[in-house]
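Input: a single structure, listed below in structure tokens.
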């Protein structure tokens, strides 16, 4: 042992002498290649006690003080195996007891030699030991006042006392040195002083984040010439302590504990107390002094920075999120400023890095921007908390073989690098303790931007900002609600019309705009993987659903178009319309008046054109198409399950759990809660609102929804009254005006009233929908839902119920009520005893239902697309126009996005609602309008590109969120699919004329060669004009004695005159039979198809099993190799210990 200590002392003395010789010759030390690093290390060694070690690095600060009096002590021994590698700032191995030890001794004993003598108090000739120097420095609390370091120390402390504001410590920065190693015997004192102060300034910049995170930052490969922070040489006690605390915090974060940041604050309070001197030195330098000391030319010039830069001013740290706010001059400005200050401090304590842009640099001159960057350690910690899956190995599963005739679909496909921007990988949930397992090539691009902004938003939504009224307040949403911040959003990658320039990453926004948001690409497939990577799985799943729905609509559109063409081709040969148009048949049939007093008798052939148009949609193919659509709905939903399962596998959502953000308590709920109870799962106290407190709001909500539904019904009745009152006016006006005689053949009073009533109804629908959206959102907030998921579910129920009634009520009226309860001439039914009930056209009410459906469906789609395209464009233009007050200033990336429209948390909600309402038009009433799928197909082709265009160009980038399905909308689609079978069966039976024609064909036809001959006359009953009451009969007297009306009743000369005849009951029985048979057949086919088609395709199941197997194997091999390495290391240490013990035993024996 004595020999070992003697060898160590000799090694240290040799290093000390080498340092003295180097100082006397005025040359740089061979171990230090740069004068800048010499000054830096010299100054660091002059710091006293713990502060000096903390300035050198948190790992060294945790090491115990050396007790030896030998220069360098144990510290020199600990550093003996390492030495700086020069300008790179790293470390390289050196022989034990070699140059590094000499440097430590030289630095502690002799210092800089003759060069330091110019300062008045050189250390070259001093013989005191390292321990004495530390004792003296510890007693004084600072370096010697007569030295350069002492003067700088006193100045820094004085500035620190004057400012008395403790700010954050900036992260370790690296600056490329302009100095080159030159052999100069001496330097002027002023230049040496400036250089030394410069290195102190840069060396003092450190982070308030957890020290183990800081050490990881230092392990990153240097990208500049000189590193201003030494790389930690080994894991210290401080690092292990931090590792333990972060593990605890991670576990609490997984549980959603809002007190996690308080633990972080407590841990930081201990470390901050010891590192107070370093932080004080950092904050003692003003920005003016710093810029003077660092360089004559600033490292960052705002006016020269790229407008599309998405980095901090250093050009290295990427901006992951942006907050903005405007100074408020009102009384509540101070509380808002305090909340912002507390919020931003807590964000820094979680490890996020912030950079604030002053309002003077903004376009409008009054908006502050807070740019947020998530360092690597924050990303890996919260990636584990959120269970984000990352690649561990490239997939070896072969891609599915091309389907037959796939070459014909080549024009519809996108380039492979756009459709699949990344190869397929086996993935596993990320854990920061197994980072070697994952394919990390570049830490800056390992996590996609969507995952980065999702992680940052997760932190923002849980970060506290103070205590108000005895309750802890947290979350960015509450700050946005109180206008503490005006906006919070992630940045787009760059401009959408041009690719990004280095050093910015690949501009995925530009790629999406070129290959997805262009209307000329309407026939192309969507780049779904790229959409998912950029916007997240939730928005990606919406576009998957919209695209799949559009694909399936193409089949329904083809069949519907075929049915329409069949009706068009058979229109001239249709016996019903032929008889109606025949002057000898239809021209001789006198019809009863359609209204009282003012309406006159009319001839049946005046409805010739209407009967032909009705045949386009009311023919034999109607039944086939109604049954086909019932089966199509089932196939659509079952195949959507398969497509959804495939996307779950491809997007790593197989083991997905509900997004914790959706299960988080809403701030409004916490604010209103006065009770707390223990959560049965977490066993922690949480806010609780008893049922009796929420019951009044539930009643108010239900009453409001009921009232608005009643208002919709009232508006529909008002439209019916309009049609009844205007019909007589149209009829009398068109009869009296000679100018309308030329248009009377195709513009009858019935058609005119139907068209104007449908347009009026559509306008009323839009007005009611606009107001109800506002009221439903307010009512849902008043219910005080507990979580965001409950809020969205409640709003979905209200909005869908209202829009269902609002959009479909008029169609239900025409399909199932109009003309069904009219009565007969002489005994009509009256609405409110004033207006006579509406009658259907002699050809049936189907043509009116078609007109109503076409106007509402087409009008809604056109209005929706125009609103989605024009509304955000106009708002953005106006916002930019108002903001451009200082056009000569830089319009930066964050300001460009700030001026865009906000997509909002309910943006997808309204998109899904619009699609589901359209799905109802396509399925519920499709028997009356076979072209409905074609119109929906054309609309969706445009809708996809409009949504893509507005998301890419007109809206801020939404925060990425996960979703493995379309959620509650899938249940709504199933409900509408079942309802559609019943509605189409009733439309065919009661609204269409197909069942009465079939009954006549098989039961009442008298001509075998022309079975349908005489059908029109058979479907009309006879009424004696003399039986008209005085208040209903027309004013003018006619010479004919009877008129005809559409019904199955006995004639006036029958004993049971005007009662329903037997044919009426036969037709009614046939209608009910058809409904029952059709429903049972369609439901049977639906259930068979649902049973035969698996929810998850077989190949997807095999791929899932293969990936799980490979993932388990890779994890097993990784852990096994890690265990072997640990065993080898432990065995080598054990062998060393055994050898040492044997040597001690032999030495003891030899001594004895």
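Just so it is clear, glycine is given a Cβ too, placed from its N, Cα and C backbone atoms.
TrEMBL does not curate its annotations; it predicts them automatically.
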Where TrEMBL places transmembrane segment among the ranges 916-938, 939-961, 1008-1030: 916-938
Of 486-513, 514-541, 542-569, 570-597, the range TrEMBL labels transmembrane segment: 542-569
Of the residue ranges 663-684, 751-772, 773-794, the one that TrEMBL records as transmembrane segment: 751-772
Contact between the transmembrane segment (542-569) and the transmembrane segment (795-816) (at least 3 Cβ pairs under 8 Å, separation 6+): no
Segment confidence, the domain 'Anoctamin dimerisation' (311-528), expressed as mean pLDDT: 87
